[in-house]
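All remarks here apply to the structure that follows.
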Amino acid sequence: MASFPTCSTTELSPLLSFAANATAAADYICNRFTATSDKFTTTTYAIDNTYLLFSAYLVFAMQLGFAMLCAGSVRAKNTMNIMLTNVLDAAAGGLSYYIFGFAFAFGGPSNGFIGKHYFGLKSIPSAVYDYSFFLYQWAFAIAAAGITSGSIAERTQFVAYLIYSSFLTGFVYPIVSHWVWSSDGWASASRTSGSLLFGSGAIDFAGSGVVHMVGGIAGLWGALIEGPRIGRFDHSGRSVALRGHSASLVVLGTFLLWFGWYGFNPGSFLTISKSYDTSNDYYGQWSAVGRTAITTTLAGCTAALTTLFSKRLLVGHWNVIDVCNGLLGGFAAITSGCAVVEPWAAIICGFVASWVLTGCNKLAEKFKYDDPLEAAQLHGGCGAWGLLFTGLFAKKQYVHQVYASGRPYGLFMGGGGKLLAAQIIQILVIFGWVSATMAPLFYALKKLNLLRVSKEDEMQGMDMTRHGGFAYIYHDEDGSSHPPPGFTMRKVEPVSASPSPNHNTMNIVV
């Protein structure tokens, strides 16, 4: 928040000695000056809160992107199920984050492990937090839960979604965000009391680790404990593609997520009216916000193009689904260092993120790991790379402006290895914490027969068996769905020029 100079009647009155009553004149001028200063202060609060609210709306819109991406990536027989889980993530996460999550994350003053104030938003608004900050952080929390839902799609019971989503957004995720983002967190680069981790603190500006790794690692354990979908690997162990039913929905979801990322990364400044006290009046936090949007864009674009051409070389065709996943992988990676790196460095980040995703997918196939949306590989793997990237390429000037002067910066930028060490610690601790909390939860759900649906439900599709009917009538490639007779729509396939004897079926010639 900008500070304004104060007016003192005692100091001003000698300068008004020519006036008949210098003291009264000085008092009047100071009163008017104070009133004007207060007006500027409240206007600054209003601008910053409006900026944060707008960013929160953008991040929340990412839920629609997740829903469309998930719907297009699963088979048609599970469309209603996966979209309902995305709605559930927002709804269950809203209550759990309101009651417990926000307090655990930002309830200071507290210790370095967990917050202990603001349960149920008690004492909000305050001089530290306003309602807009809660809304913004809630949108982040449900994004982490949305990531996990993609990993365990097409085979998970509805009650399991309820349990894990509430636990993740109400406890697991808030603890990590307290460590890294709270002013009391033991690993936070914004820590105001006590020593900083390696004299630096871990820089995770918008959540490559806090959001993406948390969601990705949680999904990893969920998918590992559940096991692959029926038919994902044949009897000899070879991979069998269970393709999603709509590339159109995947592309739509990707663009919605891209749009929302401009609230996710630039919005993480929380304010926009801050001046950096440089010699250039035109340069301030508003400039850093714009730069962050550019680094975000460049990383995603580079990752998309790298994936496009690498997949062409590896498999021999252009695949829009892979390109969309590569794009999102670049975004997940740049999220950590988006505010403290140069635009040219973001290109490196996106390029490497594409290959990290490709490598993680190869490992997943080798170990027979089934993740319908590649969520663990994309968010977990690329998120971890993003943290390392920040430790290598963070620029001194930007680190000092965004955090504080004298802080260590990127190894490749001449700042030594302290920041990189803090980033490595963050990766290890996040993996350990999420594993220690989410793996037992998923294992307990499995033992209680609350995790995976029956073989019959999985083969027929949960839309029909659990949700009262299909989202739309459609034949999947594996032929395991059983729509009612009547007008049906098949996947787009080449057909012969002769007319089809089945006049109730739509055949589309390509």
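Placed from the backbone N, Cα and C atoms, the Cβ positions cover glycine too.
The range from 18-36, 246-264 that TrEMBL describes as transmembrane segment is residues 246-264.
Listed ranges 201-225, 301-325; the one TrEMBL annotates as transmembrane segment is 201-225. Feature annotation (TrEMBL): of 86-108, 339-361, the stretch labelled transmembrane segment is 86-108. By the Cβ criterion (distance under 8 Å, sequence gap of 6 or more), the transmembrane segment (159-181) is not counted as touching the transmembrane segment (51-74), fewer than 3 such pairs being found. Against the transmembrane segment (86-108), the recorded stretches 51-74, 201-225, 246-264 differ in Cβ pairs under 8 Å, and the greatest number is found for 51-74.
Per-residue confidence over the domain 'Ammonium transporter AmtB-like' (51-472) averages 94 (mean pLDDT, predicted model).
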